[in-house]
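Only one structure is covered here, and it is reproduced in the block below.
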Amino acid sequence: MTKVKVAINGYGTIGKRVADAVALQDDMEIIGIAKTRPNFETVMAKDKGFNVYTLADRVGAMEKEGIEVSGTVEEMIKAADVVVDCTPGKVGATNKDLYEKAGIKAIWQGGEAHTLTGCSFNAETNYDEALGKDFVRVVSCNTTGLCRVLSPLDKEFGVKKARVTLLRRAADPGDIKTGPINAIVPNPIKLPSHHGPDVKTVIPNIDIATTAVKLPTTLMHLHTINLELEKECTAEDVESVLAEQSRVRFVGQGITSTAEIMELAKDLGRSRGDMWENCIWNESITMYEGELYFFQAIHQESDVIPENIDAIRAMMELESDASRSIEITNKTMGI
């Protein structure tokens, strides 16, 4: 089998995880990663055997720190079939001209606007839309988490109205620059938040409004979900539908917080302690006065990683069937 050659432009929180996931696949391979600074992540990439590329004016800085560079970002892109852009939000959009000139397919992350690609992706929801596409955007961690539950519930019962409050972590664990440290911040203060419109880029028909708050924690996001459904159903009916979703994990057994979910991920032996699935407290699934309520937790560093793998497979037309691609990705990653 000829493997698809994948380049990773940006090797931070998402990029390094996507690189590791690609390396697990039988139908794709990493031809290089791009970093702009000679930090510990760059050294780790070399230790893993990845070819390191950088900007032309950064080659000297890399070599000064003893990091062998395989070439420039432009050279990496020319050698690839598809590039996964994991550069910081709003930076990735500036790379589109570079990819277009190279005639290469590209995937961006949720920090970029939907208009950049015209195709926002979630594997379980709209895999077919990305088949053969040149440019695709994998939606953010929060939007991914919402699509994973709203899509199957909409198909089964019809979602008449969705109202979601997102309790967002303030920063990733390794981020020392972002806050708040000792405050609760309505973000944004003017409602609704951007998450609802972002969900609609994947599920256009859904009526959804979202509000969001930033909290002084680094571990996960928490969603409080309230749905008005078109068909009558019980909490048990909802639980049965969600139980069939391969990227949804029910939590209980004494787990009452995001801290304990992260501990569970470590106990499962997950790489970096990642939790790729939505974590739903199935005990929270409740029908109250005809409306559905439940809580779910989203690991912001990792839930989009399997989605990037499925996006590659769809764009390169390695697999036309969404369920088959999801099955392959889940098996290789241990989901």
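Note that Cβ sites are derived from N, Cα and C of the backbone, with glycine treated the same way.
Under DSSP, Cys141 (active site, nucleophile) is assigned to a helix (H, G or I) in the three-state scheme. The feature active site, nucleophile is assigned by Swiss-Prot to Cys141, with sequence analysis given as support.
According to Swiss-Prot, the NAD(+) binding site annotation covers Thr13, Ile14, Gly111, Arg169, Gln300, on the basis of sequence analysis. Annotation note: Arg169 (NAD(+) binding site) sits in a strand segment as assigned by DSSP.
Under 8 Å, Cβ to Cβ, and six or more positions away along its own chain, His195 (D-glyceraldehyde 3-phosphate binding site) finds Ser140, Asn142, Thr143, Leu146, Val164, Leu166, Thr210, Ala212. Summarising the annotation, Swiss-Prot assigns D-glyceraldehyde 3-phosphate binding site to Ser140, Cys141, Asn142, His195, Gly196.
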Close in space, distant in sequence - Gly111 (NAD(+) binding site), Cβ under 8 Å, 6 or more apart: Pro88, Gly89, Lys90, Gly92, Ser140
Among Thr13, Ser140, Asn142, Gln300 [binding-site residues], residue with fewest other Cβ within 10 Å: Thr13
List the other residues in this chain whose Cβ sits within 8 Å of the Cβ centroid of the NAD(+) site residues Thr13, Ile14, Gly111, Arg169, Gln300, in sequence order. Ser140, Cys141, Asp172, Glu301
Would you mind checking how many other C-beta atoms are within 10 angstroms of the C-beta on Arg169 (NAD(+) binding site)? 23
Using the Cβ centroid of Ser140, Cys141, Asn142, His195, Gly196 as the reference point for the D-glyceraldehyde 3-phosphate site, which residues of the same chain not in that list have Cβ within 8 Å? Gly110, Val139, Thr143, Thr144, Gly145, Leu146, Leu166, Ser193, His194, Asp198, Val199, Thr210
Candidates Thr13, Arg169, Gly196, Gln300 (binding-site residues) with Cα within 10 Å of Cys141 (active site, nucleophile): Gln300
